[in-house]
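Asks: Here it is: the structure, laid out below.
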Amino acid sequence: MMSDATIVNCPTCGKEVIWGEKSPFRPFCSKRCQLIDLGEWAAEEKRIPSSGDRSDTDGWSEEENQP
């Protein structure tokens with residue numbers, strides 16, 4: 001009997017990955033691909049789009065929020 005395993009593509013290299021406990025780095029195919037993705041986020045090569053720019057004058061500054 002065949003299981004209906006969900007298969008996704010690795011976001012880094014595109015290799016097929018079975019979504020399950022046998023794939024500990026899911027959705028990535030390997031630790032290497034996982035670290036490449038993390039590095040891209042850390043280097044700000046990837047980002048979540050926003051509708052506007054935030055600056056320290058928008059009330060997000062840590063200095064303004066301290067007692």
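From the backbone N, Cα and C atoms, a Cβ is placed for every residue, glycine too.
Take a look at what Swiss-Prot says about it:
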{"type": "BINDING", "residues": "CYS10, CYS13, CYS29, CYS33", "note": "Zn(2+) binding site"}
{"type": "COMPBIAS", "residues": "44-57", "note": "compositional bias 'Basic and acidic residues'"}
{"type": "REGION", "residues": "44-67", "note": "region 'Disordered'"}
Asks: Tell me, by DSSP, whether CYS29 (Zn(2+) binding site) is helix, strand or coil?
Replies: coil
Asks: Centre the Cβ atoms of CYS10, CYS13, CYS29, CYS33, go out 8 Å, and tell me which other residues of that chain have a Cβ in range of the Zn(2+) site.
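Replies: Surrounding the site, in chain order, are PRO11, THR12, GLY14, LYS15, VAL17, PHE28, SER30, ARG32.
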Asks: Looking only at CYS10, CYS13, which of these binding-site residues has the biggest number of Cβ atoms within 10 Å around its Cβ?
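Replies: Neighbour-count leader: CYS10.
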Asks: Just how many other Cβ atoms lie inside 10 Å of the Cβ on CYS33 (Zn(2+) binding site)?
Replies: 19
